[in-house]
């Protein structure tokens with residue numbers, strides 16, 4: 001990892017230090033994704049089979065996972081893995097259920113009641129990536145809130161393996177959350193299929209899930225076309241750690257590596273006011289990296305990541321808010337005291353004993369989070385992500401008589417005579 005002193009960097013160098021790797025390739029992928037989406041729209045399942053053969057190395061007769069495949073997956077996974085997923089589902093359910101909105105009603109004036117009612121989105125599409133490793137945890141993170149929201153239909157796409165099967169843990173995770181419509185389809189082509197629909201894949205109202213730069217670009221393109229809404233830009237994983245001199249170097253290094261092993265386009269950043277801590281973390285990175293099964297992938301990610309020395313911890317928070325990380329770890333002696341300084345982050349992890357990996361799997365919070373700086377304006381997935389909040393209002397005759405003049409005056413100011421007349425007629429006065 002590159003080690004930098006923030007106080008010695010120019011404005012341009014500071015911008016470069018916080019530039020994410022994916023941002024440099026977005027323009028290269030945009031045209032390729034647009035071509036692929038157009039092909040799926042035009043040729044449907046035929047295009048999907050050709051694209052799947054090209055990218056996944058398998059020709060599929062059917063994209064849908066059969067009951068027999070679900071049963072085989074159920075028999076294939078280890079009992080301890082099943083139990084771990086069941087435990088995770090319970091905690092994810094507990095956390096997300098506590099945050100559910102029940103709507104509300106308020107009388108804004110005598111005889112005028114305004115409400116918000118909550119309705120589930122009808123059909124949602126979940127994407128569970130498996131590019132460098134299958135991610136059954138993502139199926140849990142998306143399936144639980146979709147179930148709690150009460151969505152009428154939930155569709156899940158995940159890439160096939162070269163033998164035409166799907167990772168059994170992903171299928172069991174889907175079953176544990178009540179999802180049975182699973183399709184063997186990955187990448188931008190899966191996003192296109194769920195957005196526009198084909199003979200095999202139903203079109204969905206909203207799409208969810210993380211992915212590589214191609215998946216993220218595909219989600220943004222289908223959203224811009226109006227074909228389907230999306231949860232957020234959720235691209236390559238990233239973590240930013242703010243650590244003080246009292247942090248455990250081994251813990252910090254382990255947290256950095258846990259993100260670096262996701263993929264070569266992941267980014268990890270460490271901000272610290274301690275030279276000694278930064279040096280010790282670098283040593284730990286070298287030691288721990290040698291023990292990882294995905295060391296080559298992690299090494300590529302580390303090559304474009306940063307260890308940054310800051311003058312003060314306050315400076316670190318200013319940098320973090322500018323970067324708006326997906327994951328923010330506060331390896332500090334009084335982490336909760338610093339929490340008020342956080343303005344933009346997907347998920348925050350407080351203290352030495354809250355590794356980001358807990359949030360990835362089983363603490364209960366959601367791990368589908370905004371990346372690439374989107375945490376400035378987006379939140380992570382929740383039950384509300386799968387729901388619509390519908391406004392309702394009801395006015396009695398006394399109610400419209402009481403507030404109608406306000407509407408008439410505002411309508412006239414905007415030159416909208418019909419608006420004014422619609423109110424005035426009910427009041428029994430001339431507009």
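For all residues, glycine too, the Cβ spot is worked out from N, Cα and C.
Annotated in Swiss-Prot:
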BINDING   127, 189, 212  NAD(+) binding site
BINDING   237, 259, 262, 327, 360, 414, 419  substrate binding site
BINDING   259, 262, 360, 419  Zn(2+) binding site
ACT_SITE  326  active site, proton acceptor
ACT_SITE  327  active site, proton acceptor
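The two recorded residues, residue 262 (substrate binding site) and residue 212 (NAD(+) binding site), show a Cα separation of 10 Å. Taking CA atoms as the reference points, residue 360 (substrate binding site) and residue 326 (active site, proton acceptor) are 12 Å apart. There are 21 other Cβ atoms within 10 Å of the Cβ belonging to residue 212 (NAD(+) binding site). Considering only the recorded positions 127, 189, 212, 326, the residues lying within 10 A of residue 237 (substrate binding site) on a C-alpha to C-alpha basis are 212, 326. For the binding site of substrate, formed by 237, 259, 262, 327, 360, 414, 419 according to the record, the largest Cα to Cα distance is 55 Å, rounded to a whole number. Around residue 419 (substrate binding site), the same-chain residues at least 6 positions away in sequence with a Cβ under 8 Å from its Cβ are 407, 411.
Look at residue 327 (substrate binding site): DSSP puts it in a strand. Relative to residue 326 (active site, proton acceptor), the binding-site residues 127, 189, 212, 414 all have Cα atoms farther than 10 Å away. Listed binding-site residues: 237, 259; maximum Cβ neighbour count within 10 Å falls on 259.
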